[in-house]
Amino acid sequence: MIILSYLIVVMSLAVPFLAAKVLGKDFFGQDSAIFIGLTLQTVLGTIISVYVHGYEHRKRTTILLGYAIFFLSTGLCYLVGKTLWLILFWELSTVSAFLLYQGGKWTPNSIKSFIALVVAGGVGAFCFTYWIYSPEGQFGNIFLVAGLLVKAAFFGFHFWLPEAHSGSPAHASAAYSGILVNLPLILFHQLVAPWLGDTVYIKILIPLAGFGVLWAGLSSLFSKDAKKAIAYSTVENMNFLFLCILLSALWKDSEVENLKVLSRSFSFLFILSLIHHSISKTFQFLSVGYLTKISGFSNVDQNTGVGRVSGLPSSLLSLGTISFLAIPGTTGFLSEATFVKLVAGVLEIPGQSAILVLPLLILVSSGLVLGAAGHLRISLGMVLSRPRTGWSENKPFRSVFYSIFLSGALILVVSFGISAYALYYSPTTEWLDEQWYRSLAIVNFVGLGMIVFVGIIGFRTKIAKRKLWDCGGNYGGADVAVPSDGISDPLFPSLGRYFTNEEGNSRLDEGILQGIIKFLNTFKTRVNEADEESISINLAFSSVTVVVLLFVIIGLKLTEGDLWKLFLNTLIR
């Protein structure tokens, strides 16, 4: 059965490509972003599926069936456009997540995780339903934008994503951040960006995206839950990717030629950063999720030193972190260096449009630095520090090791491929600065060579007796371990307390969630015996709710005029 399950997964990854060929998609033209999304899903989906075999010990067939539905429905969502099929496949990609949780027992965190995912998917499906049935026009497009912003965890709509990651299995978190969130981003790039630049909405979304990068970076740095910290890093990356799309759309039709070139450059940065985020974040969730499973805790400080007993090399476990630290040789270096280059390009362009965007880009740079510090904080405590707890040595399953190794190798191999691509096309492409990308490629190749050299030496070197620093007298107690809070706690009184509470939870997210709960509680009836009075009250409440929803739908249609015209035509007949 397990072999059959993997064959079904492979088929689910291949079917979207066949469907795209039948539908006539231009993968090397206007639909190149869709091709990249499907390719990332295929490569990372294969790695995640292999990881499941070693991570889960029960109901593997059920979980793999869930991934087959997840990959198939997510892939087809890229292709169906403005049809009812989008709602069907969108909901399937969400509901199929139920099968991904079958490997373990349902806990309060896993229940909240699944509910958060379903709620976000449901809101998106509602918005898409109205968009599909509405005529072409700005009002219907608002619902399209809203649905995509919710599913992509845009700032203000993001609060569901950390909850979705807090109780999900490691492989599911990798699928959410490495594959699922790519879908709304690419749909936004394909369906919204072409017309958004001429609207007032873009002037609202750009500042929100910039502030979202800064806020999410701070939340990642001060979060005490390891998976939530990486989830906030995902929110940071999502807002950064949205900012790239929005700036590209803003300057696409500019009269200033240099701004048009910047528009193309930011579009390229979006694709580059999307690849970096998908690969690096998949690696982070697979590796950190495996470490938290060994320890049994999700708190960062309770996992101090667990990487030392995981059976995985520290150099391998650090690959995701060095990518987000933008070390040469990784995809993160190419993404961050290109962003710095484009910020410098904005400085060189005279005009009000570029000047107004510049302060925002400074905030974004600060947010990216804080997010990188959040990853460094996790790595120093969990991977490089000595253990605080007397865990026994662990030997990972081969499938877990191979999955983490392959996802880490992708960070380096794809970095090499992108550098080669930029070198090849920069002489003939105006928006790729030939001299810059030649210098960038040289630095990247040198960094890649150093990483590979150090990695090979690390694998070949056998340490007979490991010497650790001590407080004197060769003291090696667990209390000399360096915890993760040693990085974030000194900044908490002056900076962190304004964004997170002492438990490490985001003040903004808790405020939003509490507000939603209070709003829903106003409609909650008192729990009592099922007498005739209570039944009638509940039925009345349900009826009123349905009537209110009907009036809302009718009111929305009346604002567009279609229903009103239909009503008048009926009277005339």
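Using N, Cα and C of the backbone, Cβ positions are placed for all residues, glycine too.
The domain 'NADH:quinone oxidoreductase/Mrp antiporter transmembrane' feature in TrEMBL is assigned to 130-342.
Residues or ranges marked as transmembrane segment in TrEMBL: 34-52 (among others). Tertiary proximity for the transmembrane segment (34-52) is limited to same-chain residues at least six positions away from its ends with a CB under 8 Å from its CB atoms, namely 6, 9-10, 13-14, 16-17, 20, 25, 27-28, 60, 63-64, 67, 71, 74-75, 78-79, 103, 170-171, 174-175, 178-179, 182-183, 186, 190, 271, 274-275, 278-279, 282, 286, 399-400, 402-404, 406-407, 410.
Annotation comment: TrEMBL describes 64-81 (among others) as transmembrane segment. Tertiary neighbourhood of the transmembrane segment (64-81): same-chain residues 2, 5-6, 8-9, 11-13, 15-16, 19-20, 23, 25, 34, 37-38, 41, 45, 48-49, 52, 88-90, 92-93, 96-100, 102, 175, 179-180, 183, 186-187, selected by CB-CB distance under 8 Å and a gap of 6+ residues from either end.
The annotation transmembrane segment is assigned in TrEMBL to 114-133 (among others).
Marked as transmembrane segment by TrEMBL: 139-161 (among others). Listed as Cβ neighbours of the transmembrane segment (139-161) (distance under 8 Å, sequence separation of 6 or more from its ends, same chain) are residues 116-117, 119-121, 123-128, 130-131, 176, 181, 183-185, 187-188, 191-192, 195-196, 201, 205, 208-209, 211-212, 215-216, 231, 234-235, 238-239, 242, 506, 508-509, 512-513, 559-560.
Proximity of distant same-chain residues to the transmembrane segment (173-192), defined by a Cβ-Cβ separation under 8 Å and at least 6 residues beyond the stretch ends, is recorded for 31, 33-34, 36-37, 40-41, 44-45, 48, 51, 67, 70-71, 74, 77-78, 93, 100, 117, 124, 141, 144-145, 147-149, 151-153, 161, 164-165, 227, 230-231, 234, 238, 241-242, 245, 270, 274, 277-279, 281-282, 285-286, 289. Per TrEMBL, the feature transmembrane segment maps to 173-192 (among others).
Note on the transmembrane segment (204-222): residues 154-156, 158, 229-230, 232-233, 235-236, 238-240, 242-243, 246-247, 250, 357, 360-361, 363-364, 366-371, 373-375, 377, 487-488, 491-492, 495-496, 499-500, 504, 506, 508-509 of its chain, located 6 or more positions outside it, place their CB under 8 angstroms from a CB of the stretch. The transmembrane segment feature in TrEMBL is assigned to 204-222 (among others).
Summarising the annotation, TrEMBL assigns transmembrane segment to 229-251 (among others).
For 312-334 (among others), the entry in TrEMBL reads transmembrane segment.
Taken from TrEMBL, the feature transmembrane segment covers 354-378 (among others).
The transmembrane segment feature in TrEMBL is assigned to 399-424 (among others). Beyond the transmembrane segment (399-424), the same-chain residues lying 6 or more positions past its ends with a Cβ under 8 Å from any Cβ of the stretch are 43-44, 47-48, 50-55, 272, 275, 279-280, 282-283, 286-287, 290, 311-312, 316-317, 319-320, 323, 329-334, 432, 437-438, 440-441, 444-445, 448, 451-452.
Annotation source TrEMBL lists transmembrane segment at 436-459 (among others).
As annotated by TrEMBL, transmembrane segment applies to 535-556 (among others).
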Among 114-133, 229-251, 312-334, point out the range having the most Cβ pairs under 8 angstroms from the transmembrane segment (354-378).
229-251
